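First comes the structure, then the notes that go with it.
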Amino acid sequence: MGCGHKDDKASLASSQIASFSHQPHQPPSTPASKEVWKKGGRMFSILLAVHLALLACTLVSSGAFEKIAVHDYDVFFLLTVMMLIVIIWIIFYLVGTSRCPDAILCKDSHAGPIWLRGGLILFAIFSLVMDVFKIGYYSSFYSCLSAIKIIYPIVQAIFVVVQTYFLWISAKDCVHVHLNVTRCGLMLTLTTNLAVWMSAVTDESVHKAHSKLKKNTTEEIFKWLLKAGMRSSSAEECNCNSQICQIFKNGYFWLYPFNIEYSLFASAMVYVMWKNVGRFIDHHSHHIQRLKFRLFQRTFFVGIMLGLIILVSGLGVLILYEVQVNSSTESSKKSQALTMYYIFNIVCLGLMSLVCIGGSVIYRFDKRDMDRHKNPTRTLDVALLMGAALGQYAISYYSIVAIVASTPRDAISALNLTYALLMIAQHTFQNIFIIEGLHRQPPKEDHKHNSHQKDLYGLTFVNINAVSLRVPDSGSTLAPSTASGTEAIHPSDLVRSLTVPKKMNWRRKFLREISMFLLLSNIILWIMPAFGARPQFDNDTELNFYGDSMWPAIVDICLPFGIFYRMHAVASLLEVYIMS
């Protein structure tokens, strides 16, 4: 990516940047032909991404069925090639932009916030551990496997390291050289992450289906079912009898949720970079707010403590659920586990719904202005929240129809119905609260009051009253006259500067408490389905109503979106907390 050749729009960079200095309050003017070509370049990259995504989706879905002559190593070969191309392009991008001084003329301060990049690194670490477990598992019987089964996790580990570094340093870039090549490269990166996500979700679903089937059948019947029509991994045909092999196998399946979230986080950040390609930012309207993350300041600790109670209680419920449902064949144990799971979630979802309604009411009294500036990151956040919630909406509505139409109804059915209704309500109220918070301006510090407070540090109210007695009411001031360049301060202003901020902070404190409680609650609601607590497969009402083939397919398609919604809500709530 050299500096000698640039796209037509990039060639106008110097003149457009110069226009900022002469006309600071007007955005740079772009000719209509350039705007049309910009849209044409975006459309070409979108078409490339759509075709690659459809190809990957076809192979991944075909590889999940035995009767289709597409094997898992065919899917791994395609993903390996895509990841290698993305690695080469990222290196090309980093080297090219570092050598060209005009490649990145401005940065989007809203893109790639530190908490989002920190979450990406956390998921990347667990993804690397998963790849190590995969390599160890497949290496245990490499003689009876295709070489691509071992090559794939190695390439994926390299891909995770390179992409994480790329997103850490380049997430805020607004690139202005080789716009079309950059757009296509970013769309290829986004499609690769989505393809890896689809492969991981399919592999995890097939593994859970095999585990459930193997638990309920004998070894001979299980092997016969695999031959009859269910897809089995090529590794199933090899013997994994050693203890270390079993540890590797169970370990990397437990780490799949982190790899799934990593792919989705990376896809969201890459999309924002794609939107910022060729973008010019007017820094006069795009003001950078220096917000500080104060976790233990300006808070009553109520939200944190209540959220920690929910989190710890949820972990206990998850452990008991796994032990009683997955490790026991008694129907009474299963009913107790489902009852405990539904009661915990009903309490948690009910509290979250009430808290979200309270937060929305507080926003009605908030004096902060709405932020109406162009912000691709916020637009994507809102779209992902609304889109990912559709997965849980679908599962809930399917459950409601099955419960209402089925007979007889027992206590578990009543709890399941309440759980489904509260899930819909909680998603709706939480989306309203988060979207309200994302569209609020950050709190602006009153510099006049701050300067007064600094001058009055250590001054007691007795001193202020004494000063006010000495100063006549005609408007005399404590400070020198305004002619000296400093602002005059009246004693009544001094008292007001100390008392007003304390009266105005209660809204921000309550919003912080609400945000922290919702954040911790969403974490446990992400952990429970991501690590095996899925009552949709253990409750017989939906299975009997929709059948053993339709209902698992609905859950397998919709549940990953519901899981992603929780983790994306955590990131959005953290931003709302910091903005409050």
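Keep in mind that glycine also has a Cβ here, set from the backbone N, Cα and C atoms.
As annotated by TrEMBL, transmembrane segment applies to 43-63 (among others).
Positions annotated as transmembrane segment by TrEMBL: 75-95 (among others).
For 115-138 (among others), the entry in TrEMBL reads transmembrane segment.
Annotated transmembrane segment per TrEMBL: 150-169 (among others), in sequence order.
Sequence annotations record features per position, and here TrEMBL assigns transmembrane segment to 253-274 (among others).
For 295-321 (among others), the entry in TrEMBL reads transmembrane segment.
Here TrEMBL flags 341-363 (among others) as transmembrane segment. Sequence-distant neighbours of the transmembrane segment (341-363) (same chain, 6+ residues past either end, Cβ-Cβ under 8 Å): 306, 310, 313-314, 317, 321, 412, 415-416, 418-419, 422-423, 425-426, 429-430, 432-433, 436-437, 440, 507, 510-511, 514-515, 517-518, 521, 524-525, 528, 533, 535.
Feature annotation from TrEMBL assigns transmembrane segment to 383-405 (among others). Tertiary neighbourhood of the transmembrane segment (383-405): same-chain residues 268, 413, 416-417, 420-421, 423-424, 427-428, 431, 434-435, 536, 541-542, 545-546, 551, 554-555, 557-562, 564-565, 568-569, 572, selected by CB-CB distance under 8 Å and a gap of 6+ residues from either end.
Within its own chain, the transmembrane segment (510-531) has Cβ neighbours under 8 Å at 254, 257, 298-300, 302-304, 306-308, 310-311, 314-315, 317-318, 321, 341, 345, 348, 351-352, 355-356, 358-359, 362-363, 430, 433, 437, 559, 562-563, 566-567, 569-570, 573-574, 576-577, 580, counting only residues six or more beyond its boundaries. Taken from TrEMBL, the feature transmembrane segment covers 510-531 (among others).
Through the fold, the transmembrane segment (551-578) approaches residues 113, 115-116, 119, 201, 205, 209, 257, 260-261, 264-265, 268, 291, 293, 381, 384-385, 387-392, 394-395, 398, 427, 430, 433-434, 437-438, 511-512, 515-516, 518-519, 522-523, 525-526, 529-530, 534, 536-537, 542-543, 545 of its own chain, all at least 6 residues removed from its boundaries and within a Cβ separation under 8 Å. For 551-578 (among others), the entry in TrEMBL reads transmembrane segment.
Contact between the transmembrane segment (150-169) and the transmembrane segment (43-63) is not supported: fewer than 3 Cβ pairs lie under 8 Å, counting only residues 6 or more apart in sequence. Among the recorded stretches 43-63, 75-95, 253-274, the one sharing the largest number of Cβ pairs closer than 8 Å with the transmembrane segment (115-138) is 253-274. Listed as Cβ neighbours of the transmembrane segment (75-95) (distance under 8 Å, sequence separation of 6 or more from its ends, same chain) are residues 1, 52, 55-56, 59-60, 63, 148-149, 151-152, 155-156, 158-159, 162-163, 166, 169-170, 182, 185, 188-189, 191-192, 195-196, 199.
Taking Cβ pairs closer than 8 Å, the transmembrane segment (253-274) reaches residues 45, 108, 111-112, 116-117, 119-120, 123-124, 126-127, 129-130, 133, 160, 163-164, 167, 170-171, 173, 175, 183, 186-187, 189-190, 193-194, 196-197, 200-201, 203-204, 207, 376-377, 380, 384, 530-531, 560, 563-564, 567-568, 571 in its own chain, all 6 or more past its ends.
Packing against the transmembrane segment (43-63) from elsewhere in the chain are residues 70-72, 74-75, 78-79, 82, 180, 183-184, 186-188, 190-191, 194-195, 198-199, 202, 231, 274: each is 6 or more residues past its ends and has a CB under 8 Å from a CB in it.
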